[in-house]
Amino acid sequence: MVPVNLIVLGLTASTSTGEGNGCGAGKGWTQMTGQLRLDDLLQRYCETAPHALAVAAAVDAIAAAAIEIADLIASGDLADASGLTTGRNSDGDVQRNLDVQADAILRRCLGTLSIAALASEEMREAQIVDRDGRICVAIDPLDGSSNIDINMTVGTIFSILPAPDDLSLAFHQRGSAQLAAGFVTYGPQTSLVLTLGDGVDVFTLDRKAGCFRLARSGVQISEACEEFAINTSNRRHWDPPVRAFIDECLAGIEGPANHDFNMRWIGSLVAEAYRILTRGGVFLYPSDARPGYGDGRLRLVYEAHPMAYIIEQAGGSASTGRERILELSAQSLHQRVPLIMGSINEVRRVEELHCDPLLVASVSAPLFARRGFFRL
Ligand SMILES: O=P(O)(O)OC[C@H]1O[C@](O)(COP(=O)(O)O)[C@@H](O)[C@@H]1O
Ligand SMILES: [Mg+2]
Ligand SMILES: [Mg+2]
């Protein structure tokens with residue numbers, strides 16, 4: 001087991017309380033001055049639980065890989081880090097040059113650690129690495145890859161699970177078994193969002209020093225929100241509950257929601273999640289009627305599970321519309337799942353609509369939905 005590259009403890013960070021600039025009564029977070037480094041936080045965490053050293057080592061390795069990937073992305077075509085299509089991965093998705101490079105960097109950085117099993121979006125099957133390892137790691141090396149060639153935010157997502165006795169079950173565990181989860185956004189800033197099971201912290205890459213520094217601690221998502229994210233080009237394929245929810249959002253102050261909504265769609269799960277953690281909101285990638293989209297688009301093990309863990313740790317909610325994402329366990333590595341996540345009130349509303357066809361019908365009836373007829 002390679003020791004974590006941990007540095008001095010004892011740095012103190014001065015703090016101030018911030019609030020999301022979004023809607024609702026934002027619970028806010030603690031804004032940090034950036035003196036506390038990821039290494040410091042990992043070192044403190046190392047002593048907390050039997051798995052903690054292995055988890056800290058994996059996070060440390062992923063952070064090192066993220067610094068390399070951030071450099072690569074920033075160089076773009078100059079470093080042959082492009083959105084050029086190189087083929088398809090085992091799940092049939094278009095694979096870009098950068099998907100392959102990010103996967104190689106992460107596997108090299110994680111490769112020196114004692115990890116029981118490793119899974120990646122870019123690998124056909126999970127790999128058993130070290131039977132004595134205490135943890136299993138699942139990665140989406142590059143999320144939002146359709147954004148690469150337009151210079152928009154992409155990211156890396158990771159999930160860390162305990163190693164079960166039977167390693168063939170490594171990635172068939174419930175999402176609630178996760179020990180840690182996080183993601184990195186490669187945008188104007190490179191940020192690392194992390195939960196070790198006790199809240200959510202956001203770190204910013206200090207490029208000069210080559211380390212991540214704590215920027216926000218104890219992130220909390222506001223319960224209500226005024227922003228939704230969904231790929232509306234698929235509207236005609238949606239199920240009635242999803243259509244009803246979005247119709248409510250679009251009706252704004254004149255509809256049952258009784259307030260206006262803004263809309264964003266970046267096409268990059270990491271960027272949507274970062275926005276929700278910053279100013280609230282709700283994200284939906286539901287199942288729809290297109291061939292191959294019966295379970296939505298996003299993958300359970302290395303996209304929905306880690307995102308759900310982070311969002312719940314920040315006081316939000318993540319659901320298929322019918323079930324809590326963290327209750328689910330995958331039948332296969334690349335299994336897809338509908339994902340609705342974000343501010344708790346909006347996710348609850350989507351769930352209500354999924355459970356109650358009469359409610360859906362009432363939202364769809366134009367007179368009922370309008371203020372002035374049935375609402376005072
Ligand atoms: O192009 P669509 O259908 O809007 O899908 C966008 C979604 O697909 C993804 O890009 C899937 O992730 P990958 O890029 O890792 O395959 C998400 O980041 C994003 O939310
Ligand atoms: Mg992805
Ligand atoms: Mg990907």
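Glycine too: its Cβ is placed from the backbone N, Cα and C atoms.
Any TrEMBL annotation is an automated prediction that lacks curation.
The model shown is predicted, which means the values in this text are computed figures rather than measured ones.
For the Mg(2+) 1 site, TrEMBL records Asp140, Leu142, and the single candidate of Glu68, Glu121, Glu122 listed with them is Glu121. Cross-referencing Glu254, Glu272, Glu303 against the Mg(2+) 2 binding annotation in TrEMBL, which names Asp140, Asp143, picks out Glu303. Note: the domain 'Fructose-1-6-bisphosphatase class 1 C-terminal' (222-354) comprises 60 helix, 24 strand, 49 coil (DSSP; helix = H, G, I, strand = E, B). Cβ neighbour count within 10 Å across all protein chains ranks Asp140 highest among the binding-site residues Asp140, Glu303. If you count neighbouring Cβ atoms within 10 Å for each of the binding-site residues Glu121, Asp143, the highest count belongs to Asp143.
Taking a C-beta cut-off of under 8 Å and a sequence gap of six or more, Gly144 (substrate binding site) has these contacts in its own chain: Met152, Thr153, Val154, Gly155, Ile266, Gly267, Ser268, Leu269, Val270, Ala271.
Once Cβ contacts within 10 Å are tallied over all protein chains shown, the binding-site residues Ser145, Asn231 are led by Ser145.
Among the listed binding-site residues, namely Leu142, Ser146, the Cβ with the most fellow Cβ atoms inside 10 Å is that of Leu142. Counting only the Cα atoms, the space from Leu142 (Mg(2+) 1 binding site) to Glu303 (Mg(2+) 2 binding site) is about 11 angstrom.
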